[in-house]
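**Q** Pasting a structure here, questions to come.
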């Protein structure tokens, strides 16, 4: 991460604040990022009530995987360019989907649409890393996740209403308009927050990377923000493909692998819900959309609670270790068990989610399942699964502070790959095992594979310190290879 150089003539200079943006601005930027992240889940869940209609009219729904390149672009060039790329692709793809009837074109455009929208989830986590310290991150992650929570809540309802009264193609026009509005908001108002570009906000971004409002203000008055291109050197910024090395690191692999299985298991259960509701209760697309509301209301209610639990757990461990927490100063975690702090909360809700999943499957498998019981169990599943993911998202960016967007994108990639695989085998499992045994099997897999996170709790700090030492050692070797090796070679041969 680019650090603003200190004045050598002032050795006692106090540590600068983590972010110079006022608190209300930080909250606004995270809230807008959360609203932008709404594009990812809503562009998937909005199809659920219309799944049968779309299968008949469009033949297929292709579940695309977000390109991890968005995370690399965000960490290296800035959040704003990454948002522009994401929403431009999203808007163009939705307009094309609304107008297109060719099967191959629909397949390609659906991939582009998913690629454009899915990157916004990673970007929202990166914005949190830009403006919030680790000790504050629980509250900010909760706010940033509101958009992702609203997607499963409002998406099916919006999709059901549009499909019922305007036809399935109106879904694409709705998404195109939403993407266009978000693109306009970022173009006009939202500043660059990437710490590799603007540090804590004290450096000015490139002129082309400023919001229109900021650009107009800079033309009218002399800017007081530092303008030093040398301080924005790209040499130490993450590469555009920095998501992939994260996947092979031991700690990150175990975190993301089990997180992906949680995501896949949840979607295996949920993917069959439209057909089950249509066959069991003879519901239309609007009624199916209403049945999805409990899945989203659970996360909406638990997000602020988990935020407080996460921050309180951070303070509890800090007190136990005698670590002082300073407002708006980044907390060093070299000797701090950040893995235990985050995963203690996640693991508790993994087990609660497993317990909630089993009764849902067996009740849904009854010949005439009581609808109120189904809705309550869906509420519990959505609440517990969402609560397990929130601390996990914070941990992923905690241990990758120089490349938060790439880390979040790596998490998104694993979730999408395993989720797509889960969707592919979900109907086969439901047809062969039934919803009862499928949900039971998934719950037992979750419990068994939670050993991945227990291993991170025990060995994660050691792995993290070893990785940091390796980075320092590799950096030192690169420095030697550039300067010292040629000089040593010349000296040795001169003496000979």
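Each position is counted from 1, following the chain as shown.
Using N, Cα and C of the backbone, Cβ positions are placed for all residues, glycine too.
TrEMBL annotations: computationally assigned, not manually curated.
The structure displayed is predicted, hence computed values, not measured ones.
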**Q** I'm validating the feature mapping. Which of 7-27, 28-48 is tagged transmembrane segment in TrEMBL?
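**A** That would be 28-48, the stretch labelled transmembrane segment in TrEMBL.
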**Q** For the feature transmembrane segment as recorded in TrEMBL, pick the matching range from 140-159, 200-219, 220-239.
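**A** Result: 140-159 is the stretch TrEMBL calls transmembrane segment.
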**Q** Scan 374-397, 470-493 against TrEMBL and say which stretch is down as transmembrane segment.
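**A** The range carrying the transmembrane segment annotation in TrEMBL is 374-397.
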**Q** Among 56-82, 83-109, where does TrEMBL put the label transmembrane segment?
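**A** Matching range for transmembrane segment: 83-109.
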**Q** In the same chain, which residue numbers or ranges, 6 or more beyond the ends of the transmembrane segment (253-273), come under 8 angstroms Cβ to Cβ?
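**A** Residues 48, 246-247, 288, 291-292, 295, 350, 353, 357, 360-361, 381, 385, 388-389, 392, 395-396, 410-411, 414-415, 417-419, 421-423, 425-427, 429-430, 435, 438-439, 442, 445-446, 449-450, 452-453, 455-456.
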**Q** Go through 140-159, 285-306, 345-362 and flag the stretch with the largest number of C-beta pairs under 8 Å relative to the transmembrane segment (435-460).
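**A** By Cβ pairs under 8 Å, 345-362 leads among 140-159, 285-306, 345-362.
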**Q** Against which stretches of its own chain does the transmembrane segment (374-397) lie, if we need a Cβ under 8 Å and a gap of at least six residues from its ends?
**A** 125-126, 128-129, 134, 137-138, 141-142, 145, 149, 152, 252, 255-256, 259, 262-263, 266, 269, 291-292, 294-299, 301-303, 306-307, 310, 338-339, 342-343, 345-347, 349-350, 352-353, 356-357, 359-360, 363-364, 404, 407-408, 410-411
**Q** Under an 8 Å Cβ to Cβ limit, what residues of the same chain, 6 or more beyond the ends of the transmembrane segment (345-362), are close to it?
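**A** Result: 262, 265, 269, 306, 309-310, 313, 374, 377-378, 380-381, 384-385, 387-392, 395, 434-440, 442-444, 446-447, 450, 453-454.
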